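Look at Swiss-Prot and you will find 74-83, 181-226 tagged as compositional bias 'Basic residues'. As annotated by Swiss-Prot, compositional bias 'Low complexity' applies to 239-251. Residues or ranges marked as domain 'RRM 1' by Swiss-Prot: 4-74. As annotated by Swiss-Prot, domain 'RRM 2' applies to 108-181. Annotated phosphoserine per Swiss-Prot: SER86, SER224, SER226, SER230, SER247, SER250, in sequence order. Residues or ranges marked as N6-acetyllysine by Swiss-Prot: LYS167. As annotated by Swiss-Prot, region 'Disordered' applies to 73-105, 174-269.
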Amino acid sequence: MSGCRVFIGRLNPAAREKDVERFFKGYGRIRDIDLKRGFGFVEFEDPRDADDAVYELDGKELCSERVTIEHARARSRGGRGRGRYSDRFSSRRPRNDRRNAPPVRTENRLIVENLSSRVSWQDLKDFMRQAGEVTFADAHRPKLNEGVVEFASYGDLKNAIEKLSGKEINGRKIKLIEGSKRHRSRSRSRSRTRSSSRSRSRSRSRRSKSYSRSRSRSRSRSKSRSGSRSPVPEKSQKRGSSSRSKSPASVDRQRSRSRSRSRSVDSGN
């Protein structure tokens, strides 16, 4: 069976105990009301009344603000002291509870900067519940003075940025940044550097390819020119050899002609 203590999130800072009593009127006897800045706790005598209040009043308007109503975390044994002005840390849940119920991780992540070192993840989660349902919270890990908060919906994340950015927690004004935007900016810068390096390598490869092509073309042209010039001396050699081969024949013919002439002269005498 659920507990008797109910958490109120997104509570208007101007809300008073009378407003809270009027809001929960008709849901059973209230044992205690503990209001903080932006959130609060209501304790019923009967846990069934607390169940009904969570089921029917979650998302309703209280002092012109839609509040979130959910069961509060179990308090430690040492924090049972009652009273309307109880210590602000009495509503913390013990660390063992975190192990038993693992948090739900979502993509609706919010980065909290300039976080005081005195603020724990429990304090941060309770503070951020003013904006919506918080599924996960962590502080000072891995970076000091920085926290991470994840919401159940993107609308709660935007609501937190609009309402809680610049607010003070333990004397420090926090700065809220959407986690996806930070990741996108880093990925864009990395992609730009990668694209520039890739374009440089591509231009270099293109230059080397064009240079190799020009060199291969020049080599092919020189080879073609040398090939076209080489037959010329062969023709000249053929011409020279033919002229040389014809010269003995002409000598023989001249000799035969001279012999025939000499014979004709002798026969005439």
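Backbone N, Cα and C atoms are what each Cβ position is placed from, and that goes for glycine too.
The local packing around LYS167 (N6-acetyllysine), expressed as other Cβ atoms within 10 Å of its Cβ over all shown chains, amounts to 15. Assigned with DSSP, the residues of the domain 'RRM 2' (108-181) fall into helix, strand and coil as follows: 22 helix, 25 strand, 27 coil. For the domain 'RRM 1' (4-74), the DSSP-based tally of helix, strand and coil residues reads 18 helix, 22 strand, 31 coil.
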